[in-house]
Amino acid sequence: MGLKAVVVTVLLAAALSYYVYNPMPDAIQEPWKLMAVDAAKYFLLNKIKQRSLFISFMFKNQYLIDITFAGVPVRVYEPPAGGEGHLRRGLLYLHGGGWAFGSGKMGAYDKVSRMISDELNTVVVSVEYRLFPEVLFPEPFLDCVAAAKHFLSPEVLDKYAIDPERVAVSGDSAGGNLAAAVAQEVLAEPKCDIVQALIYPVLQALDFNTPSYVQNRNMAILPRQVMVQFWLQYLGADISLQPQLIANNHSALQHSVLTPELRSRLDWTSLLSQKFKKSYKPVVAERDSHGLLKKIPGLLDARSSPLLAGPEVLAKCPRAYILTCEFDVLRDDGLMYARRLKDAGVAVTSDYYEDGFHGCLSFTSWPLDFDVGKRVLRNYMTWLQNNL
């Protein structure tokens, strides 16, 4: 049996077993394939790693090198287009993976970086920040800030012939979280006009009962309990506290530190349109008997939760592209951040996909190709081309 037949057989078998327990929403195109991807994701992850070894043959004229920026490992992709005297775009990319796994060097991340570098004449720097369990918050954030500041230095921009007015920081999922936090941290760089492009970013950990968290609590790829686990790992907390966070006990009314003004920064009842609020109701606990905010102080740190930043910080942020998907627990994080940035006077392009799901940008090549993934990738690259 050939490789293609083996892969198709595995996908179909996984999809059949998955569907018995987790039927897909009607709006999902090719639901059997998404079920299969979720059910067989660890098997497929190994295949993706293997396939990444062959991607280099698709971009023979590209130059890449693995080096360090301020001590942080990065992979630099230089485009073949252009020549001496021609300034190029620059993009700092931060991969997703729940701050716990993944690499910009593998699979879809490597492919997308090569495409952006090749088609948009862009120097792409993919950051290999440290992950759980090696490090906890704020170390991954600090790695990304260090790499970003090095990248934005006049010496490095000059070395790679990058136009300082055409630089972006971007990332997906947990990488979108880091990209938003980095944009807030380095927004005062005087010689760079950066933009930020956030792909289904995770932006807050105080409310795990937003409409999208409840609607998609058992959704493929990233169910709610997995996202909460990622947060607990990232912030160095006991995984046994997961039920407490899912119940929103950590943001109980008893916490005086959660002032009305602070709560308003992630109040989905006022930040979301009725289209997304639907008939969902806020989940607000009265008391927290576990002292969760003292046990997990990172929950209140804007470096881990960029949605918590004050309006004075957001007003200085660079213009933004924020991509969200209907079938994603993180949909409302992105929508609320887009609304708050707009309210602060920042130009925002909000790109929402009614048939999108978390991680769809990574599924653009056989056998894991989805039409929505291809549309997401093309629209993301078009925005970069027009705004970078």
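Glycine too: its Cβ is placed from the backbone N, Cα and C atoms.
Per TrEMBL, the features are:
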type: SIGNAL; residues: 1-17; note: signal peptide
type: DOMAIN; residues: 91-244; note: domain 'Alpha/beta hydrolase fold-3'
type: ACT_SITE; residues: Ser173; note: active site
type: DOMAIN; residues: 301-361; note: domain 'Alpha/beta hydrolase fold-3'
type: ACT_SITE; residues: Asp328; note: active site
type: ACT_SITE; residues: His358; note: active site
DSSP helix/strand/coil residue counts for the domain 'Alpha/beta hydrolase fold-3' (301-361): 22 helix, 18 strand, 21 coil
Nearest-integer angstrom distance between the alpha carbons (Cα) of His358 (active site) and Asp328 (active site): 5
Asp328 (active site): tally of other CB atoms within 10 A of its CB: 28
Distant-in-sequence Cβ neighbours of Ser173 (active site), under 8 Å, six or more positions away: Gly96, Gly97, Gly98, Ile199, Tyr200, Pro201, Val202, Leu222, Leu330, His358, Gly359
Overall pLDDT of the domain 'Alpha/beta hydrolase fold-3' (301-361), taken as the mean: 97
Local Cβ density at His358 (active site) - other Cβ atoms counted within 10 Å: 26
